[in-house]
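Student: Below you will find the structure I want to go over with you.
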Amino acid sequence: MEVGGSSESPEEPKKGKSRATKKAKESVLKQKSPAEFFAENKNIAGFDNPGKCLYTTVRELVENSLDSAESISELPVIEVTIEEIGKSRFNSMIGLIDRERVDEELYDDYESAKAREKRLAKEARIQEMQAKNAALRKKVKEPAAPKGTKGRGEASFFRVTCKDNGRGMPHDDIPNMFGRVLSGTKYGLKQTRGKFGLGAKMALIWSKMSTGLPIEISSSMRGQNYTSFCRLDIDIHRNIPHIHLHEKRDNKEKWHGAEIQVVIEGNWTTYRSKILHYMRQMAVITPYAQFLFKYVSDAADKNVTIRFARRTDVMPPVPLETKHHPSAVDLLLIKRLIAETSKQNLLQFLQHEFVNIGKSYAERLIGEMGPDFSPKMAVKSLTSQQIVRIHQLFRQAKFDDPSGDCLSPAGEYNLRLGIIKELHPEMVATYSCSPQVFEGHPFIVEAGVSLGGKDVKQGLNIFRFANRIPLLFERGADVVTRTALKRINWNSYKINQTQDKIGVFVSIVSTKIPFKGTGKEYIGDDISEIASAVKSSIQQCCVQLKSKIVKKIQAREQQERKRNLSKYIPDVTAAIYDVLRETAHQQASKKKKQYEEKDTELLTKVSTRIVTEKTLREKLAQHVEQVDYEMALEYATQSGVSEEPREDIYIRAVEGAYDFIDFHSPVFVFRLFS
């Protein structure tokens with residue numbers, strides 16, 4: 001036993017040493033680049049699956065194009081093309097030769113002889129049953145088509161191209177704008193369309209993960225005689241662009257804008273409706289833009305071409321970058337502002353780095369901070385404790401609410417035009433609330449409610465927009481959906497929630513949209529200021545519609561009453577004429593007493609055939625018309641001039657360059673040319 005024990009004892013420390021070494025290797029500190037993080041967590045940016053990746057790629061490219069065109073006040077013209085790429089064509093693009101299968105059993109879609117026999121027997125039984133039912137003339141539901149056994153390795157690839165007439169990009173900035181994650185021109189406190197600040201970079205990361213092919217960018221700015229062309233991909237581990245080709249080409253057509261082309265894996269079949277709904281809703285909220293969408297496939301019957309025409313040339317103003325509100329800042333932001341400010345002392349820092357702090361109010365704040373603070377003290381010399389004191393005072397002090405001047409809503413005029421252009425409703429009402437505030441951030445809610453229209457289902461059809469982009473997913477938890485379903489009493493506005501075709505459009509713009517969830521696809525119902533503004537805006541639209549509906553009901557009742565009276569005119573005329581004729585006969589034979597002079601005159605006219613049944617019929621018809629006219633006149637007098645029916649007028653864009661001034665109203669825009 002002792003020998004055995006002595007022989008094993010030297011091995012034990014060796015095992016312990018190897019375990020310790022292994023544990024030390026596992027605890028090595030590692031770092032990830034931003035590109036690597038988003039590549040591993042692509043669902044955060046909306047790239048959950050191939051179908052959603054295709055949808056998100058289209059959305060990001062379209063929104064970038066709109067921002068680019070609007071930044072130079074150019075009416076957007078955007079062309080989106082999704083081209084299906086077959087497996088053989090894709091292999092030739094990457095230089096891969098097609099290879100025939102050698103071992104069939106190795107593949108996921110392999111079907112054994114026994115499984116094939118079982119499937120054929122089942123199909124034969126179904127066909128036999130269908131033949132019997134057809135002979136007995138029985139109507140039966142057709143069985144669903146058998147699903148193909150598509151292998152996991154068989155993917156669908158698409159080339160997505162987006163071309164616009166926007167600002168374009170500087171030649172030297174293109175590689176970093178597309179090949180470096182978390183670098184861009186939209187950072188700052190202002191209303192922006194983007195959700196994550198990734199844009200086309202995430203599409204490039206997905207392209208590298210799914211196809212390995214680079215992205216191609218063509219761009220030219222106004223006045224440039226060349227077009228920048230760049231072919232690049234991204235080094236995910238180092239978060240830097242990997243440039244394949246970057247050159248300048250002739251720009252003979254004087255084109256300006258950008259054209260981006262990327263090849264990715266996707267699924268058109270499952271996300272076709274979402275992509276088309278996105279384009280349609282984007283046409284609603286931006287009626288001043290022209291969209292051309294194409295889907296190109298090898299099968300001609302699958303091709304899709306849709307043009308969303310421009311309806312107006314009135315664009316919303318460009319959103320302005322604003323300063324931070326004191327109640328909306330945190331410690332980290334205050335420290336960053338101090339590090340970046342060009343102001344020397346504390347008084348100037350408070351005045352110029354925050355909104356709604358004037359000189360006198362800044363002096364009062366500094367006096368409240370304590371004896372360690374003075375207006376002339378150097379802002380760069382503030383200690384951590386002093387910065388905390390400033391932050392505490394910001395949270396407790398009272399400040400005026402920020403104005404909504406920095407925001408750029410679509411406008412009632414554009415929202416109404418967009419709804420009419422795409423849905424063709426029977427009635428539509430719009431409303432824009434005044435700027436309101438939550439957590440120091442201004443926001444504006446615009447709403448529209450329509451009745452009837454094409455391609456509109458019965459019940460509530462809810463369209464949600466945040467910073468003028470459509471929200472299509474996770475609608476159930478959204479503040480707009482919950483408000484429309486649970487907080488609006490539609491019956492009180494003469495609207496049937498289940499039978500009428502109701503379109504509810506709500507657009508929220510803000511310097512900070514309070515999205516919920518990682519996908520940022522819905523706005524939470526927990527912010528009372530936004531929930532109240534949404535409810536109020538929808539109710540204002542319903543009030544407008546109610547007056548129109550009441551008028552329509554009264555007009556229908558009036559027509560029904562007139563129709564009923566007109567229907568009985570022949571019978572009433574015949575009965576009255578018979579009575580008059582019999583009375584006239586009795587009067588002539590003097591069997592009845594004498595009548596008054598007027599009555600005697602009428603009976604004489606009946607006897608002499610001056611008054612006939614036809615004459616009575618015409619008089620009764622004239623009386624019905626007169627009563628109808630008097631009732632309509634009385635209603636119009638009670639309603640007032642302001643309630644007269646309005647007629648929509650649309651002015652087409654005038655070709656050429658003219659000097660003009662726009663006069664904006666809640667319901668129209670009047671353009672005066674000089």
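For all residues, glycine too, the Cβ spot is worked out from N, Cα and C.
I grabbed these lines from TrEMBL:
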type	residues	note
BINDING	Asn64, Asp164, Thr185, Lys186, Gly194, Lys195, Phe196, Gly197, Leu198, Gly199, Ala200, Lys201, Lys520	ATP binding site
COILED	107-139	coiled coil
DOMAIN	402-561	domain 'DNA topoisomerase VI subunit B transducer'
REGION	1-30	region 'Disordered'
Student: Other than its own, how many Cβ atoms are within 10 Å of the Cβ belonging to Asn64 (ATP binding site)?
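Tutor: By my count, 23.
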Student: So what pLDDT does the domain 'DNA topoisomerase VI subunit B transducer' (402-561) average out to?
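Tutor: Averaged over the domain 'DNA topoisomerase VI subunit B transducer' (402-561), per-residue pLDDT gives 89.
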Student: Given a separation of at least six residues and a C-beta threshold under 8 Å, show me what packs close to Leu198 (ATP binding site) in the same chain.
Tutor: Phe38, Ala45, Glu60, Val181, Leu182
Student: What are the non-local neighbours of Ala200 (ATP binding site), defined as same-chain residues 6+ apart in sequence with CB under 8 A from its CB?
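Tutor: In sequence order, the residues whose Cβ lies under 8 Å from that of Ala200 (ATP binding site) (at least 6 apart) are Thr57, Glu60, Leu61, Asn64, Phe178, Ile215, Ile260, Val262.
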